[in-house]
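Asker: This is the structure I have questions about; it appears just below.
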């Protein structure tokens, strides 16, 4: 990928005294009280910010948070908790600036956080007037938000069209390098885990990966749809019956290549979706009409762990069960530890996956942890992301 790298500009002394606008991904999960529950994305954004400060730049950083209504700012849309956490992690003041589109006062060596960019009218539709105003704020635009690389919005795409210089931050560049290592030229066998509740959003990926991977492990709501497709009963579990033909097509495509989609042989069920629900391990053929499947069973988990330990490359997206509930976390925990113990190059992405990695303390044993959810998925689909398209184009002059 031929893009300008921000690290190169810094090394060449081209950043000193310049106004640098960093589009980061600080979209972190919060509890009902607004406290940040998991700060991986904030931590991941710091190297780029520090690099800009060390190079003598006047630094502006923005991000989206949640799904606010454009033009209607509400207190819960504020990046204030993010500014506070960033200040704690960096050991310096991080002023938060509202209504910043028409101008920001920031000096070299200073860092400011610009309020939630998704509140700006025209952000999502990549409004040209908004993009030009943002581009006018800076000398150098740095895209360091892989999590938004699949969206052509004003703060991720439009500004890159009009800024004097548009480049990739260290996080974005590292994502690109890791993804090409995992997918463009993988060491085999290549095993992908695609799990989570949103089957419809991941079907394209399943179809794309079915032509690339040696094993395609499905979990969560997705596995339920595949179980249905294989003729098993799933009770009242989450599934998408209208997608059965698609699931069968994926199974057939894998089979035609001598590869497989392992269907669970045992599952963990409950009668209600609750942390205190009674967990029952059952054969996959014994699911009752009023059962909810909330995890893969121990036999299935052990079989998958064996496959993962023998893999050359592992792509992991999504927990295989409701790991937030202790009674239904065994499948995800077993798979997490198998990936950690495997000698394979592993790349993992998606918010729930990051939460599982943090819960089981295996950050150091994963080859590369992607901070992008949807963007990571679109790369898996084989798409060219808008961010890479525009940064490549700008690098080519």
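A Cβ is built for glycine as well, from the same backbone N, Cα and C atoms used for every other residue.
As listed in Swiss-Prot for this protein:
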BINDING   25, 26, 27, 41, 64, 65, 66, 67, 118, 151  substrate binding site
BINDING   202, 324, 350, 351, 352, 353  ATP binding site
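Can you tell me where each of these features sits in this structure?
Answerer: Within 10 Å of the Cβ of residue 66 (substrate binding site) there are 14 other Cβ atoms, across all protein chains.
According to DSSP, residue 351 (ATP binding site) is assigned to a helical segment.
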Asker: Helix, strand or coil by DSSP: which one applies to residue 25 (substrate binding site)?
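Answerer: Going by the DSSP assignment, residue 25 (substrate binding site) belongs to neither helix nor strand, so it counts as coil.
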Asker: DSSP on residue 118 (substrate binding site), three-state: which is it?
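Answerer: Once the DSSP labels are grouped into three classes, residue 118 (substrate binding site) ends up as helix.
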Asker: Can you tell which of 350, 351 has the most other C-beta atoms within 10 Å, given these are the binding-site residues?
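Answerer: Of 350, 351, the one with the most crowded Cβ is 350.
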Asker: Of all the binding-site residues here, 25, 324, which one's CB has the most other CB atoms within 10 A?
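Answerer: Buried the deepest by this measure is 25.
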Asker: Give me the Cα-Cα distance between residue 353 (ATP binding site) and residue 118 (substrate binding site), rounded to a whole Å.
Answerer: 25
Asker: Around the C-beta of residue 118 (substrate binding site), how many further C-beta atoms are within 10 angstroms, looking at every protein chain?
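Answerer: Other Cβ atoms found within 10 Å: 22.
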